[in-house]
Amino acid sequence: MSAQLIDGNLLSQQLRAEVAQRAAALTAQGKQPGLAVILVGDSPASQVYVRNKVKACQDNGLHSVLEKYEASMTEAELLARIDALNADPKINGILVQLPLPAHIDAHKVIEAIAPEKDVDGFHVSNAGLLMTGQPLFRPCTPYGVMKMLESIDYPVRGANAVVVGASNIVGKPQAMLLLQAGATVTICNSKTRDLGHHTRQADILVVATGKRNIVTADMVKPGAVVIDVGMNRDDNGKLCGDVDFANTKEVAGWITPVPGGVGPMTITMLLVNTIEAAERS
Ligand SMILES: Nc1nc(=O)c2c([nH]1)NC[C@@H]1CN(c3ccc(C(=O)N[C@@H](CCC(=O)O)C(=O)O)cc3)C=[N+]21
C-alpha cells in the first residue's frame with residue numbers, strides 16, 4: 001500500500017470530542033441541542049443509519065428523538081409532523097431520512113422544514129445560500145469530506161478537483177464547497193464520455209455514484225487524494241465503496257476506506273450542524 005489512509009473513525013473521534021464539549025456548554029445554559037430524526041418505512045439500511053445517528057447524539061450529549069412511521073404514512077401526515085417539530089423549542093435540527101416512499105414528494109417535505117433547522121442543508125434556501133457563498137448549513141457528507149482534506153493539510157486552492165456524481169445531496173454541494181475553497185472543479189455524471197480522461201486530471205477525486213468499482217486504479221492520477229462516498233454491498237454482502245480500493249491504494253497518495261471513511265464523518269458533521277443550530281437559537 002503506497003497511499004496513506006484517511007481514517008474517518010479517528011477524525012470523527014477527535015471532532016466528536018469538541019462536539020461533546022460544545023453540547024455540554026449549551027446544556028449548562030439550559031439550551032441542550034436537540035435533533036429529531038424521522039424515518040418513514042422500514043428499509044434495513046435506513047434503520048441502521050438512523051440508529052447510528054441517534055446513538056451518536058446520545059454519546060455526545062445531544063438530545064434526540066427518533067420518529068418512525070409506517071411506509072403507508074401520507075404526505076399530509078408527514079408535513080404535519082414537520083410543522084410540529086418546526087415549532088418545538090427543544091428541537092434544533094430536523095432530519096427526514098431519504099429516500100422517502102414514492103407516494104411522498106420529497107422536495108415538498110424538505111421545503112417544509114424550517115431552514116434554520118435544516119441540518120442536512122437540503123432546503124432550497126440553504127442550497128441557494130451555499131451556492132452564493134453564505135452557507136447556513138453545509139450538507140453533512142460534503143462538509144465531512146472538506147474536513148478530511150483539512151486533516152491532511154491538503155492545499156485545495158488551485159488544485160484540480162473532480163467530483164463523480166451530481167446529486168443534490170452530495171455531488172453538487174461538494175463541487176460548491178471545493179470551488180469556494182479555490183479548486184478548479186469538474187462535475188462528472190452518468191452521461192460523461194470517457195470518465196477516466198477526467199478523473200486522471202484530478203488531484204482531488206470525490207466519487208459519489210452508488211456504483212461499485214466505477215473508479216479503478218488506471219483512472220487515478222498517481223499521488224491523488226481519493227475520497228470514496230459510495231455505500232454498496234459486494235457479492236458477499238460486505239460494505240464497499242465506489243472505488244476499487246485494493247488496486248487504487250497502490251496509485252493514490254491518500255485514500256478513504258469504506259467502511260470507516262466518509263460514513264462516520266457524515267454523522268459527525270450532522271452533530272456539528274445541530275450544535276451550530278442550537279448555538280444560533
Ligand atoms: N436526510 C438524509 N440525510 C443523510 O445524511 C442520509 C440520508 N438521508 N439517507 C441515507 C444516507 C446515507 N447516510 C449514511 C451515513 C452514515 C453512514 C455510516 O456511518 N457508515 C459506516 C458503516 C455503517 C454500516 O456498517 O452499515 C461507515 O461507512 O463506516 C452511512 C450512510 C446518510 N444519509
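Each position is counted from 1, following the chain as shown.
The backbone N, Cα and C atoms fix where each Cβ goes, glycine too.
As recorded in TrEMBL, the features of this protein are as follows:
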DOMAIN    6-120  domain 'Tetrahydrofolate dehydrogenase/cyclohydrolase catalytic'
DOMAIN    139-280  domain 'Tetrahydrofolate dehydrogenase/cyclohydrolase NAD(P)-binding'
BINDING   G165, A166, S167  NADP(+) binding site
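Cβ proximity to the NADP(+) site centre (mean Cβ of G165, A166, S167, cutoff 8 Å) flags the following additional same-chain residues: V163, V164, N168, I169, V170, G171, K172, I187, N189, A208, T209.
There are 17 other Cβ atoms within 10 Å of the Cβ belonging to S167 (NADP(+) binding site). For A166 (NADP(+) binding site), other Cβ atoms within 10 Å of its Cβ number 18. Within the same chain, residues at least 6 positions away in sequence whose Cβ sits under 8 Å from that of G165 (NADP(+) binding site) are G171, C188, N189, V206, V207, A208, T209, G210, V229. Broken down by DSSP into helix, strand and coil, the domain 'Tetrahydrofolate dehydrogenase/cyclohydrolase NAD(P)-binding' (139-280) contains 53 helix, 26 strand, 63 coil.
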